[in-house]
Amino acid sequence: MMLIFTFPPLLVAVLSCVYLHLAKKSDDEEKETRVLATWRKPMLVKGPLGIVTGIELAFLVMFVVLLFWSLFTYFSSSFKSIDATDPNGIRWQLKLDLGGLWLGLVGNICLTLLFFPVARGSAVLQFFGLTSEGSIKYHIWLGHAVMTFFTAHGICYIVYWALMGQMSQMLKWSRSEISNVAGEISLLAGLGLWATTFPRIRRKMFELFFYTHYLYIVFVVFFVFHVGFTYACYMLPGFYLFLVDRYLRFLQSRRHVRLLSARILPAAGQTLELSFSKSPGLKYSPTSVLFLNVPGISKLQWHPFTVTSNSSLETDELSVVIKGEGKWTKKLYEMVSSSAAADHHFDVSVEGPYGPASTDFLRHETLVMISGGSGIAPFISIIRDLIFTSSHLQLKTPRLILISSFKTTADLAMLHLLLPITAASSAATANLRLTIEAYITREKQAAATSPFHNNNVRTKWFKPSPTHAPISPILGPTASWLWLAAVVSSSFLAFLVIIGILTGYYIYPEGKKSGELGFPMALTAFLYMLVLCACVAAASSGAFLWNKRKSGRDQTIQIRNVEGATPTAGGSPVGGGAVYEMTEELESLPLRTIEEATNLHYGVRPNLRKLLVEYCTEGGSTGVMVSGPAGLRHEAAAICSSGLADDSLQFESISFSW
């Protein structure tokens, strides 16, 4: 049973790792993307599901049909049998009993897929062209479906027991059958988790949402106790890949990383750009996401931020943009910007980065990027990637149109982050065809002086603890996908061997001694889960430590180089030499380029329909990427799906639902 339910999905995961290791971009893949352009257009824009493309809608319809077909099959066959027998005139009570069972079985179908979207480093997501942030909505849809079916399942049984005078069944923990108490505990944990996932609660009380999500551990463990390990193998593949991914992330986050510098933009809503040291072997795609944990604020909270640097252009640094919009980010801004930051080491842990396996912006003649507020962050990484493509690879890049909305002129300071603070990067932008349309919505007229000249941007350089390390790929820079395949396959093989020995030499003999009672089902499930976790931990730790030892020497050399490269000229040390204030000479180089490319519009919002129609009539493919509030994304999606420009407008939404 375990092999039937778990082997095929895990085989797909392993083969996906091998494919991602070997795969390279080809012309055939680009042609396929163009053929599927129509299917990737938004089909649903407004509503509870948000923006849904044609492909997503097709799979969603098929999945819903599967659920209803399963319900119809279960209900019709069992109800016909009850109608034929009608024992003791309790026909409808029996239907309620079996109805609860079938609802639980259909809920298991949803549970089977629930954990696939949240395995951030899984090869399965990237094999299908998905990203972790883009897949979160699938996890949300499945989560609502799981809890709806399981809640209905529990209510049916409680009502049935009440009508039949069998409420004592709620306290039943069977030795060899279904455990009702375990199911009730699992359901209560799921309900507690589910209650905080609705948008209003999640946005207003994010910490409550974050901490209650740890109830998934209680939910899964007692679900396995409830149904037994063998039946739980329905959902094992997704949870197994999630478990491998979660433990690898745990290993990565154990060591604090080296914070190099911070660009501080006090005017732009308390915005920071943090730059970390990274190993040159760490490669990532534009629009990737890095999760940060600052123990000085909270040891448990992890927050995702867009990576703004380019791994090829900035080989030794990785940068993220953070805007002070919540308690955690505002506290971080205070810690970094205050003078007290010089008096202690700044401890930061990371997970990631996670992003698409590859991107192909060059297939477009024009790339329109629409942002609102801090939504500009993903486009910083795209612009820097195209700077590298233009200057180093000598390839023609698409015309870039950045349409950004800001509340006040002070928020224009976000544009300072578009380019790295190096003279070389400023020279590399010569061939970049960049136009910025900046809309200041809450001011009617321009100030007397240029907003780009009122520059309060500061750069602080840190000297962290010698124990801090550069961000590096957790399973090595060259064969990380093969290492992941080895971890998944070896840990699962070890699990099968060990439980085979455990069952043959302990569980089966002990159960035979107990006679009809058999070996306790809950204890069997506990032992199997313990072995499963041990095998995942052993295989993951072995791969991690091997790669860590292999890359240790390179990291030591890099740390010394970074320490030697910390700027001491052109700036004065602050706070005993731990932080350096950088002069504005380097800042002004990219700033002049940005100012020349920017058109300012005061007191109005961008007319997206007019602008998009204008750009798509210039000929060729026009990529439209949107990052920002839901209303902005919905407006752009509606325009792209309206058929104004046939298939020349190719829409992509960038949103984060954590």
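Here the Cβ of each residue, glycine as well, is placed from N, Cα and C on the backbone.
A TrEMBL annotation is a machine prediction, not a hand-curated record.
Annotated in TrEMBL:
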DOMAIN    252-360  domain 'FAD-binding FR-type'
TRANSMEM  49-75  transmembrane segment
TRANSMEM  96-118  transmembrane segment
TRANSMEM  138-160  transmembrane segment
TRANSMEM  181-201  transmembrane segment
TRANSMEM  213-244  transmembrane segment
TRANSMEM  481-507  transmembrane segment
TRANSMEM  519-546  transmembrane segment
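For the domain 'FAD-binding FR-type' (252-360), the number of residues in each DSSP class (helix H, G, I; strand E, B; coil) is 18 helix, 39 strand, 52 coil. Ranked by number of Cβ pairs under 8 Å to the transmembrane segment (138-160), the listed stretches 49-75, 96-118, 181-201, 213-244, 481-507 are led by 96-118.
In this chain, the transmembrane segment (181-201) lies apart from the transmembrane segment (96-118): fewer than three C-beta pairs between them fall below 8 angstroms, excluding pairs fewer than 6 positions apart. Nonlocal intrachain contacts for the transmembrane segment (213-244), taken as residues 6+ away from its ends with a CB within less than 8 angstroms of a stretch CB, comprise 1-2, 4-6, 8-10, 13, 108-109, 111-116, 118-119, 122, 124, 178-180, 182-183, 185-186, 189-190, 192-193, 196, 484, 487-488, 491-492, 521-522, 524-526, 528-529, 532-533, 536, 540. Using a Cβ-Cβ cut-off under 8 Å and counting only residues 6 or more beyond its ends in the same chain, the transmembrane segment (49-75) has close neighbours at 36, 38-43, 98-99, 102-103, 105-106, 109-110, 137, 141, 145, 630, 633-634, 637, 653.
Residues belonging to the domain 'FAD-binding FR-type' (252-360) score a mean pLDDT of 84 in the model.
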